[in-house]
Amino acid sequence: MTTVSENVESPSRATGSGALHAFEHWLLNYRRTWHGSVFSGFLLPLLFILGLGMAVGGYVNGSDAIGGADYVAFIAPGLLASTAFQIATGELTWPVYAATRWGSQYKAMQASPLTNDDILNGHLLYALFRAAVSAVVFFLVMAAFGLLDSPLAPLAILAAMLTALASIGAVYAISMSVKNESALSIVHRFGILPLTLFSAVFFPLDQLPLAIRPLAWISPVWHGVELSRASTLGVAPPWPWLAHLAVLVVWAVGGWMFARAALAKRLKV
């Protein structure tokens, strides 16, 4: 009798394209659920432009407080950046929590050749994809309304993407670390929403009390909003361009590092 021995090797860890495979998982899932994001991603910002920009704008257009610009032209680039921020972070709150508590997506990915970095980067890449789609559509709406007054206007899309990139790592780390789902509601109510309201989206930062302004200065949303607004209006941002960019880069790198550590702790690898 002949004995045949077989050496079965475990699959090697994915390299390079692993994050794209993880991204593909979330993208395929989105193809089945995209209908529910139409309102928040596209229609709600449009209603903001029509309701606030044009209705309220009739009372404040040309005000010195907004640099003499039309109010709709003032808030539109802010809404562009804040919408990208909200959509990207929204994809990394309950979906991240669900992937490790309610479902087994992350455990299944961990059992595949994907590395932890692949799992993390794939999910972050998907959130950026969602933000990019909304930013491009919103930019086209702004163009249709004649709200692009500068040849630098396309940079507003990049500013919106940088806003999302600077925010997603920290939000991911929080979602991965909270102990129950009710904490995510607190994150939205006392984190994401205030960042939108107090980051000069609807009114200039100097209209806020002086004691509150430092909170905006350290917020990635304010820096993204100001870069987006400077791009579409053709004006200089409050800080030098490189200073705004530096803050966004620090948030992006630091957030990714915290997210990586939080994922490793959750998956215990």
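Every residue, even glycine, has its Cβ placed from backbone N, Cα and C.
The domain 'ABC transmembrane type-2' annotation in TrEMBL covers 36-266.
Annotation comment: TrEMBL describes 38-59 (among others) as transmembrane segment.
Non-local neighbours of the transmembrane segment (71-97) in the same chain are 26, 37, 40-41, 44-45, 48-49, 52-54, 56-57, 60-61, 63, 123-124, 126-128, 130-132, 134-135, 138-139, 142, 145, 147, 149, 156-157, 159-161, 163-165, 167-168, 171-172, 175-176, 178, 181, 184, 187-188, 192, 195-196, 199-202, 220-221, 224-225, 227-229, 231-233; each lies 6+ residues outside the stretch with a CB under 8 Å from one of its CB atoms. Feature annotation from TrEMBL assigns transmembrane segment to 71-97 (among others).
Panel annotation: around the transmembrane segment (124-146), residues 19-20, 22-23, 26-27, 30, 37, 41-42, 45-46, 49, 72, 76-77, 79-80, 83-85, 87-89, 91-92, 153-154, 156-157, 160-161, 164-165, 168-169, 172, 232, 256, 259 of the same chain, lying at least six beyond its termini, place a Cβ under 8 Å from a Cβ of the stretch. The transmembrane segment feature in TrEMBL is assigned to 124-146 (among others).
The feature transmembrane segment is assigned by TrEMBL to 152-174 (among others).
Note on the transmembrane segment (186-205): residues 52, 65-66, 75, 78-79, 81-82, 85-86, 89-90, 93, 171, 174-175, 178, 212-213, 215-216, 219, 221-222, 225-226, 229, 238 of its chain, located 6 or more positions outside it, place their CB under 8 angstroms from a CB of the stretch. For 186-205 (among others), the entry in TrEMBL reads transmembrane segment.
TrEMBL lists 241-263 (among others) with the feature transmembrane segment. Distant neighbours of the transmembrane segment (241-263): 116-117, 119-120, 124, 162-163, 165-173, 176-177, 218, 220, 223-224, 226-227, 230; these residues of the same chain sit at least 6 beyond its ends, with a Cβ under 8 Å from one of its Cβ atoms.
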